[in-house]
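Per Swiss-Prot, the features are:
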type: BINDING; residues: Lys148, Asp185, Phe186, Asp194, Arg218, Ala219, Asn220; note: ATP binding site
type: BINDING; residues: Asp255, Glu267; note: Mn(2+) 1 binding site
type: BINDING; residues: Asp255, Glu267; note: Mg(2+) 1 binding site
type: BINDING; residues: Glu267, Asn269; note: Mg(2+) 2 binding site
type: BINDING; residues: Glu267, Asn269; note: Mn(2+) 2 binding site
type: DOMAIN; residues: 112-294; note: domain 'ATP-grasp'
Amino acid sequence: MKLLMLCREPRLYSCQRLKEAAKHQGHEMDILDPNHCFLKLSQNPPHFQIFYQENSESKPYLLSDYDAVLPRFGTTSTQMGCSVLQHFEGKGTFCLNSSQAFLNARDKWKSLQLLLKAGIPVPNSLLSGGEVQAQATIPHISSPTILKTLNGSQGIGVILAEKPQSAVSIMEAFKQTNISMLQQDFIEEAGNADIRCFVIGDQVVATMQRIGQNGEFRANCHRGGKTEKITLSDEEKQIAIQATKAIGLDVAGVDLIRSKKGLLVLEVNASPGLEMIEKTSGIDIAAEIIDYIEINAFINSR
């Protein structure tokens, strides 16, 4: 197969592992930056054309057809990356994950709405309009409170407000910059630990526990969190699979937290990193992803 990965940083561990796995299984993979693409719609066939310009000095060229596309772009490239995905979808190419699912996952509030609508437990959460006074929301959420920007990743834009007035001050400061924030209950009993599940299709292929270090409440590996192996029950795995399906994703990193009320879904990541979970679990996740693409790209082509 001829595969395309949409990625701005081809040297990243995850991108290199996926390219190695594809090559090992006899496939060719190109890695291209979606921000170097331009898209053309035409009434005459071919209706969907994608051109690529390597740099400001080079001449754009028309991209050839691919059997499958893997989106691995970050939050700053979501809009253009998903537009490129939509163009490939228009051409009938199998995309892992779809553009709509990617957009769902990148919007934290919409993700929570979709999860709760599907009956999946999430922390109590609030989102308020720009004209709502921050003080008015305080009685409706726990203290301490977690504050999150709507489009952050890797723990960036996540703040713990220890006291109600601290939450008010932080929200009012962000409001001045037109950045919306959601509020969530702080799950104190979980301490500084959460669980990452790697879901492919209808299977949890790997899990790990992440533990924040040196008083850091965020357990994200990018924030220095320590990882260790963890075994989940079938019921807990099923929640991760259901969360992935609720967002519409084929492949996802699902973040879970154990609370007094049971397991809660914190977030569903459309482009989860491979490095720490592969090293912690010892599982070749990259090969599992390529296997999934082989099957589904073939089904899509029939």
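For all residues, glycine too, the Cβ spot is worked out from N, Cα and C.
Sequence features annotated in Swiss-Prot and their locations in the structure.
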residue	record	Cβ within 10 Å
Lys148	ATP binding site	22
Asp185	ATP binding site	19
Phe186	ATP binding site	19
Asp194	ATP binding site	23
Asp255	Mn(2+) 1 binding site	21
Glu267	Mn(2+) 1 binding site	23
Asn269	Mg(2+) 2 binding site	21
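Asp194 (ATP binding site) and Asn269 (Mg(2+) 2 binding site) have their C-alpha atoms 14 Å apart, to the nearest angstrom. Comparing Cα positions, Lys148 (ATP binding site) lies closest to Glu267 out of the binding-site residues Asp255, Glu267, Asn269. The two recorded residues, Phe186 (ATP binding site) and Asn269 (Mg(2+) 2 binding site), show a Cα separation of 20 Å. Rounded to a whole number, the C-alpha distance linking Asp185 (ATP binding site) with Asp255 (Mn(2+) 1 binding site) is 16 angstrom. With respect to their backbone Cα atoms, Asp255 (Mn(2+) 1 binding site) and Asn269 (Mg(2+) 2 binding site) stand 8 Å from each other. Taken together, the residues of the domain 'ATP-grasp' (112-294) have an average pLDDT of 89. Annotation note: Asp255 (Mn(2+) 1 binding site) sits in a strand segment as assigned by DSSP.
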